[in-house]
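These notes concern the structure reproduced below.
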Amino acid sequence: MDIVVLGGGVVGVTSAWYLAKAGHKVTLLERRDGVALETSHANAGQISPGYAAPWAAPGIPLKAAKWLLQKHAPFTVRPTSDPFQLRWMLKMFANCTPAAYATNKGRMVRLAEYSRDCMKTLRDELALDYEGRQLGTLQLFRSQAQLDASKRDIEVLEEYGVPYQSLDASGCEGVEPALARVRGKIVGGLRLPGDETGDCFRFTKALAAEAQKLGVEFVFNCAIDEIELSLGRAVAVRAGEQRFKADAIVCALGSYATGFLRPLGIDLPVYPVKGYSLTLPMTDADAVPRSTVLDETYKVAITRFNERIRVGGMAELSGFNLALNPKRYDTLAMVVGDLFPEGGDISRAEFWTGLRPMTPDGTPLVGPSPVPGLWLNTGHGTLGWTMAAGSGQLLSDLISGSSTAISDEGLTLARYG
């Protein structure tokens, strides 16, 4: 089939690679002059299936209210004039019940665990250079209350068979020796050895090069105008004077998919959740994490690359505003300076922001749309890279009419009625 993929982030490029591998003729359209230049560009650098869980969880509405009053809050809301923001938040809070959380968590873990398997197969097949490490994630607890609360997370991990290690402060230093330099700040941790790290930008560029070898055509600086319908079916994409005919179209436009598809009568429950990161040159290899650590208090991840440190996190509901908020810089700088004060040169930090495409229930949208011939692969939230390989393989199988390795139940737009 002739297939057009819209969007050159990690989800779009991964979709294109799997579709080309299945034998399809694939064209990828991207408005920027290269791949992974927006949300996939400078994320936290984690592939974390062990942390595949919806933000919509019991107790979150109360926590969110408290966070709004904190100086270094992990979550903030900047009200906009768009009524969709409020509707999306109400849908999210409606998913904060124990029953909804359990259902959504199960769907996300199913896809994330499958994606980890797909990622391993992909990594074994292709010699991709993306500064990847397979050394796990260490979640750090600064208080006994956080450590005690992790027992609920451990129960969920055991339920889904996710390997873990519950560690005291000494155990955390054994996994991440640099933490010994700030002894007394951490009371314990939860390690997920199956998680991975790396530079998502480098990964996406490397995979795009492999996709080109399979015949994928990349069209950059391409401003997509609309999807053309014939007898109710998606048959082409128009971009200026260009027309790209297609047997199938994959929308992997992240947060921008919602507005783009609205003229077709498709109501996507995907809203941008703004995240921030700092990238620092490493100054002392013994004073930084070996892999990635997640500060539970501030919801900030610190990830080691070859010669750099990536500090990422935060969640800001402010629409499509891409302005860099200096308060977020202060929080990220505070966390990395507090835990790894001698590891990087903060004076040379690169400050970045991106818009994560989030659904109210946390589960992405992977599968058919209400318009025949148009397929969705968006809404992955903070787990875009974590779920990219599994989502790409699943979508390729669905489009190809092949049997799928996992069920797509609850992963499509159909769950929203």
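Glycine too: its Cβ is placed from the backbone N, Cα and C atoms.
What Swiss-Prot says about this protein:
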type    : residues : note
BINDING : 3-17     : FAD binding site
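Sequence-distant neighbours of Ser15 (FAD binding site) (same chain, 6+ apart, CB under 8 A from its CB) are Val5, Val250, Ala252, Asn377, Ser391, Gly392, Leu395, Ser396.
Among the binding-site residues Ile3, Val5, the residue whose Cβ has the fewest other Cβ atoms within 10 Å is Ile3.
Cβ neighbours of Val13 (FAD binding site) (same chain, under 8 Å, six or more residues apart in sequence): Leu28, Val35, Ala36, Thr204, Leu207, Ala208, Ala211.
Cβ neighbour count for Trp17 (FAD binding site) (all protein chains, 10 Å cutoff from its Cβ): 28. All chains included, 30 other C-beta atoms sit within 10 angstroms of the C-beta of Gly9 (FAD binding site). Residue with the densest Cβ environment among the binding-site residues Gly7, Val11: Val11, by other Cβ atoms within 10 Å. DSSP assigns Gly7 (FAD binding site) to coil in the three-state reduction, placing it in neither a helix nor a strand.
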